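The structure appears below as structure tokens.
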């Protein structure tokens, strides 16, 4: 058939072949679109690793501020005896923690791990949120994996992060830890006001850097306590925007320089650069730790760049956080579909870093993109001196911020208690008095009921003793058993039921009549004999006389 088509096109022209002109006209463009889509989709994860029975803690995008993360907000934490306080579910030998698991890249990572049988613990802003509960139930049903839970850990609150981390590591022996992936991120759209976290910290630095620094620094002893033969990996999400970030150790929150509302990517890039420096410094601290058994800490830290993806955070940033911008974004959707990765494609580098065999024996502190290792463009990221300086400055800053936040919480509690007006206090006193009186009435009523019940029990006991004594006397005197009123009524009831079953008419009753003595009559010259009414009637003796009698039912 192809020869016939080619022959027709050669002798009669291209127009003689149906659809061929259209294919020649639009085919190259479709082929170009396919090639571009294949290119922008990025590399795919070809690695496999047994994830069954491993447990993951996941921090979803909903745990962030008003806007969702521009990247996946994920933090997988494999632990052995992790305690899930919100659902009070025991954990398996391995546990994995992740932030960013309910939307975007984080959701793609969570679904892939859940399909592989990994136990997941989602770190969310509020574990009672209906969306989170529905998401977990749906994920359990779709993946047939019941080991999926949620834990409260709000990345916009340092107090919430510390509360979770201290509770998580408070266990003896230490919990098992296999993998930590922290990719929580937030990127505000341009031309917006400076927003802060609950601790008053600039939102980019607070969520993208401070929250993960505090979480991993608190979990560092747990990382060091893992067995030497356990492959532990820490994955930190970064972005190409770190190149244009302006990181200043002395002004991490852009207080002195001012918030760049027209270019918020400077704050975002600075926070990602700080996170990458922190990852390299954490790798050096883990590698330099001396264990008691003389073995090295088998833990490696990787900075992962998933690329540009069509996540909720990216949509908000591209639409400038406005309704008109969202309309333009929808109109340009075919273009975004072509040049931006899907969340599933962007998650491939995370999955490769978590499962890749080539990363098991490699050195940590490297950067991964498109499922392979790339070099850093900023030399400060790998500088040990700069990393130590940033670590010290961050620790001091977090100490002051947490102390100030604790004082504010205490003052807020005192103010809330002092704001109770006199009427509120009087109402509270009255309510307490009414409650006390009600409790007293209930106690009195219960006491009366208890006394009455005891009295009835005593009367019943005495009556039983009297009945037993009477039965004993009847047994001694050999008297017939006493028929009680209840038994008599029961016998009458049974007789009535029998009469009803026989019908409303009369019934045959056997009547035995006494023999009638007939004296001898000398005048009749008969001998003395006795006759019965039956004989007089001509019936044979011994045959009972049947008479139909009427009986009222």
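Each residue, glycine too, has its Cβ placed from N, Cα and C.
Keep in mind that TrEMBL annotations are predicted by a computer and have not been checked by a curator.
Your range for region 'Disordered', going by TrEMBL and the list 84-103, 104-123, 124-143, is 84-103. Among the ranges 294-316, 317-339, 340-362, 363-385, the stretch that TrEMBL annotates as transmembrane segment is 317-339. According to TrEMBL, the feature transmembrane segment maps to residues 20-40, out of the candidate ranges 20-40, 41-61. Residues 33, 36-37, 40, 67, 70, 187-192, 308, 310 of the same chain sit 6 or more residues outside the transmembrane segment (317-339) yet have a Cβ under 8 Å from a Cβ within it.
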